[in-house]
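Listed features, source TrEMBL:
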- Lys131, Gln194, Gly226, Asp257, Lys400: UTP binding site (BINDING)
- His227: substrate binding site (BINDING)
Amino acid sequence: SNFHFWVNYPFNILPSNSNEMAQFQEVMRQQLESSMHAELEKLLGTAKGAKAEVSKKDFEGFRKLFHRFLQVKGPSVEWSKINRPPEDSIQPYDKIKAKGLPDNIADSLNKLVVVKLNGGLGTSMGCKGPKSLISVRNENTFLDLTVKQIEHLNKTYNADVPLVLMNSFNTDEDTKKILQKYTHHRVKIHTFNQSRYPRINKESLLPVAKDMAMTGENADVWYPPGHGDIYASFFNSGLLEQLIAEGKEYIFVSNIDNLGATVDLYILNHLVSQPNGKRCEFIMEVTDKTRADVKGGTLIQYDGKLRLLEIAQVPKAHVDEFKSVSKFKIFNTNNLWISLSAIKRLQEQNAMDMEIIVNPKTLDGDLNVIQLETAVGAAIKCFDNALGINVPRSRFLPVKTTSDLLLVMSNLYSLEAGSLTMSERREFPTTPHVKLGSSFTKVQEYLTRFESIPDMLELDHLTVSGDVTFGKHVSLKGTVIIIANHGDRIDIPAGSMLENKIVSGNLRILDH
């Protein structure tokens, strides 16, 4: 079982048969729920002013999630019931594109809202504050590029596509400060906040928080519950209703760090041109797996519905099969197109059902906690006429590490109106494989190691390990491996051209 139900129970009173066992578990569940309820009420008692209302709504959502968590037993899918999706449920992008575009593109665009998931911090790249405020290219941050793209659309087609940012309590303040710089841009920007849920002690399954404060000893007792929270928090914020009232019909949701997730007019046209009775309420953009993507969620047919299968839901015995590129050929890019009225309906009916992701963490002082999360794509099974579209890899360009950052800063990509596209001067459409070692993990450190970004147009593979720096105007081609052993340093001289080379040992270039 998932729980420590009988953690503190003397073994001689454990039930002997399965019927008694089920009753016993039910009693334990009810006890855990009422303890949780009491603790949450106590916490709410310490909330002040307008924040109290917000926290109350947050906790209602958390209680529903906790209730479902206690019901769940083992992996959430039966492996034998998994089928490949039927042919027509995942359409090739070219087929969607072949429909062409309508005469009046503005009409379609005016039904669209762009939503960016902006809850994450830049910690994995050694940056303080929201990840969306990291500079990616020519001093442009992720957020700058997003605003430029949408502004370009609005100007080109004389449309009114608003941008909505889903912030978390980690990113909200810093993001709002920066939004002032876009006041004179042609794009309306709205924000709403993800819920704030309590991390719970792995043993007692009760909140670690002592009161509603966010700072001091309470700094790490809260968490934003994954992007599956978008439906409830968007709905609760009142913004969803407001946008529907303005005539908006669909949202295009993506991670703010996916630089390939631009508004695609062909997919939008496919959505708005569906006959009313067969309106597609949910499109998930998927793309072909490569070796690098074996962990990505995939689409399956299950109980007659399209469903997202994540690695966390796979029974241990089948993990290798899940990772195989031959059986599950595609993965979810998390670029999603979703009907606003369908979200409203499902929220009002309390019918949004997403698998729970149990994420274990260790806090300071070796305290083991778990946080309960959900993923936005997992709700695909709740929507009518859901569809997968197999899009080109170029629509999936996430920047998770400085290795990704090197690619997007290089001449492999050209930047136009906030959109990055693979340079026409590259002969192969595939992205090179780049692995920068631990000396490059933090953005600040990474930037000091490149006097200028190398020419990578003809690069296939780059591995760099140890204390390595690059001079100006270095060119890298084919497969290049540079390894400085511990205590050594390698300075690649300015103007070097390395083609299919392995560089090791020690090479210091000092100013004289």
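Quick reminder: no glycine exception, Cβ is built from N, Cα and C everywhere.
Unlike curated entries, TrEMBL annotations are predicted automatically.
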Around Lys400 (UTP binding site), how many other C-beta atoms are within 10 angstroms of its C-beta?
13
How big is the gap, in Å, between the Cα of Lys131 (UTP binding site) and that of His227 (substrate binding site), rounded to a whole number?
15
Measure the Cβ-based neighbour count of the residue listed as 'substrate binding site', defined as the other Cβ atoms within 10 Å of its Cβ.
23
Max CA-CA distance, Å, over listed UTP-binding residues Lys131, Gln194, Gly226, Asp257, Lys400:
21
Rounded to the nearest Å, what's the C-alpha distance separating the residue listed as 'substrate binding site' and Gln194 (UTP binding site)? Just drop the number here, would you?
8
